[in-house]
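Q: Questions regarding the structure given below will be posed in turn.
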Amino acid sequence: MYGKTASELLTKVRTEKPLVHHITNYVTVNDCANITLCTGASPVMAHAVEEVSEMVSYAGALVLNIGTLSPGQIKSMLVAGRRANELEIPVILDPVGAGATKLRTESTLYLLSELDISVLKGNAGEIGVLAGSKGKVRGVDSESIDGDAADIAVECAENFETIVVMSGATDIVTDGNRTLTVENGHEMMGKLSGTGCMAASVLGSFAGVSEDYMLSSASALAAFGLAGEKAGMCANGPYSFRTALFDQLYSLKPVELKVDAKVKEYNGV
Amino acid sequence: MYGKTASELLTKVRTEKPLVHHITNYVTVNDCANITLCTGASPVMAHAVEEVSEMVSYAGALVLNIGTLSPGQIKSMLVAGRRANELEIPVILDPVGAGATKLRTESTLYLLSELDISVLKGNAGEIGVLAGSKGKVRGVDSESIDGDAADIAVECAENFETIVVMSGATDIVTDGNRTLTVENGHEMMGKLSGTGCMAASVLGSFAGVSEDYMLSSASALAAFGLAGEKAGMCANGPYSFRTALFDQLYSLKPVELKVDAKVKEYNGV
Amino acid sequence: MYGKTASELLTKVRTEKPLVHHITNYVTVNDCANITLCTGASPVMAHAVEEVSEMVSYAGALVLNIGTLSPGQIKSMLVAGRRANELEIPVILDPVGAGATKLRTESTLYLLSELDISVLKGNAGEIGVLAGSKGKVRGVDSESIDGDAADIAVECAENFETIVVMSGATDIVTDGNRTLTVENGHEMMGKLSGTGCMAASVLGSFAGVSEDYMLSSASALAAFGLAGEKAGMCANGPYSFRTALFDQLYSLKPVELKVDAKVKEYNGV
């Protein structure tokens, strides 16, 4: 059933080509632009406070990523996010490195309090920190979490009344009541900078053609992960994997996703 | 004849290695640096208002790209552009997303009014907007134009007294009086983020060794497009295409360009 | 002997995975993140003055690169560098384009005077300029130096009481008293934007697991250069070389480095 939804949403992304407005870091921004294109959506990157409100008004989704945060950027995120909220455009927040510095943790909490975030996507450490000091983050990597991953994701979703995506070998998607797991993916995705950021772009692309952000998120992760699985078959290392990942997502057929999406309801261990 | 000119200019780029100073967006800046190197020229990226005037004084060309615009960046573009004008260094302007927001449209018009722009390069939507609301832009993509592409390019060239390059399946190069078309290229170039920005870097590289910016522009587009054609033969998707595009431009022989450049005079439909 | 040290340090990088904090340019920042990962260390990029002091306190090394310099960035470098000095975390400085503009030259001299720089890495032109106008820089490329490369590197090391790495076909590593040369590498590394910046990231990764920055630097250059040699065997041009370079560094076995590192004492011509 989830495979069918995922395949239908992928088709919809490619037909409707939603504009995905990113306010994002300068490390992986090119990857985000290209993965959005390879998904079938249309990326735009714009951060100036003078234009974000206008730009987002044409968007199907807004992706906020704090990977190379600055105070000016937070202000632009706030302006764009408020406009997106007014227009009921979904907002994806990727709190890169939350927990690593006060600026990142506090900025994330500020955005979560001021904006209606549709999907909060982070690694286990980041989500753990946001759920109340249950995670440890080193730089932009998850170091450890203190407790069961799914429980922490659920708690985070309840606290912030949002859908939480916790990325990992098994991705967890939860709105606090209902939890899905996605098991598509390839270990090489952890060897490459930016796969987390790219995942947020794919989440935005799918959210741009759906109103059920639980299903759109699980579908997006399945599509991205499945492209990773196929890429892993022909890679010699992280960079040939990268080339294949983009090519495979671009070439991914909805029918493949229907068959091979590994999305399941989760009912505890 | 145009093939011969193109091949001679490519040889000249590789011999003289002009410095191409970019003030550009952070999305595709790495692509711009590398495509400039693969063309045979030498890229430098510098945006601080404290240094752009000095940096551009050593350059063979200045490339201005508003893809991730901010007011501070416009100021630097103005300072660098004025110095380039004083020194008769050609200035290429790529008005990425003009028409998508007021900031982009107005900044482009401001730069066009304050600077002597040698080549204005945009997609059909951007050039249409600048020619007087005859184009529609969504994010950074051309959505539609209202009228004949060549007519709009000519009108834009007349209005701003500059050479206009309108990119597309067929590229149009016009100074308002004379119009050339370039038919080299590959559809995969539209599936990859940054090919428009890269084209501007190649335009800058060729302008840096020429005084006839009509011919240098048509030659640059033919070289870049021909590399794309060759890359398209061995690509599995946008990213393997990307790898091949850079490799093929690097390896492109002047004699190939002489034979395979598809540049023609245009005399109406 | 140097091969043995290099192989041991590579193993140590992969075991300890030091966090390498970069304050760097936006042109090659993605390359720096990925090459750090491929070396085995963990990259983080953070430039906001509000967080750099906190971020660097968790780092094994700090890499400062002025490739797209701005006054605000220099301030952040100063704050991060001072904290790194307090905590005895090694600081690598890559003065990209020093000599090309006053801003770059003066900012470099300012950082050298205010901070305790562990390793100053530049091309011959940059090091020559810093050693007292003995180099010429054009954009970010070394154009020429006036004198013997090793002598100039030694002079620069003496003047600034730091280890100097002068990159080139033969890399020179010197603390002013003792000089090593590293002959690993491939000419294709000069055809690709960012290999100098990447080298600084690898220097930082190795410095993060060592206290002898002469040996860590020579080892890092040998590892990076050897990956380049292996990549050169299967490349068709700069971009397929790039893919292979990252893959090869990721796959590089310590034992290969032990056998094939080309590090030697240098005792004059």
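Each residue, glycine too, has its Cβ placed from N, Cα and C.
Marked as substrate binding site by TrEMBL: C:Met45, C:Gly194. Here TrEMBL flags C:Lys121, C:Ser167 as ATP binding site.
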Q: If you skip the near sequence neighbours and keep only those at least six away, which residues in the chain come within under 8 angstroms of C:Ser167 (ATP binding site), Cβ to Cβ?
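A: Listed in sequence order: C:Lys121, C:Gly122, C:Asn123, C:Ala124, C:Gly196, C:Ala199, C:Leu221.
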Q: Far apart in sequence but close in space: which same-chain residues, 6 or more away, have a Cβ under 8 Å from C:Met45 (substrate binding site)?
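A: Non-local contacts for C:Met45 (substrate binding site): C:His21, C:His22, C:Ile23, C:Thr24, C:Val29, C:Cys32, C:Ala33.
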Q: In sequence order, which same-chain residues at least six apart have a C-beta under 8 angstroms from C:Gly194 (substrate binding site)?
A: C:Val27, C:Thr28, C:Asp31, C:Cys32
Q: Quick one: of the binding-site residues C:Met45, C:Lys121, C:Ser167, C:Gly194, which have a CB under 8 A from chain A's CB atoms?
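A: Listed in sequence order, the binding-site residues near chain A are C:Met45.
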Q: Helix, strand or coil by DSSP: which one applies to C:Ser167 (ATP binding site)?
A: strand
Q: Of C:Met45, C:Lys121, C:Ser167, listed here as binding-site residues, which sit with their C-beta under 8 angstroms from a C-beta of chain B?
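A: It is none; no candidate comes close enough.
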Q: Taking 10 A as the limit, how many CB atoms besides its own sit near the CB of C:Lys121 (ATP binding site)?
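A: Taking every protein chain into account, the count is 30.
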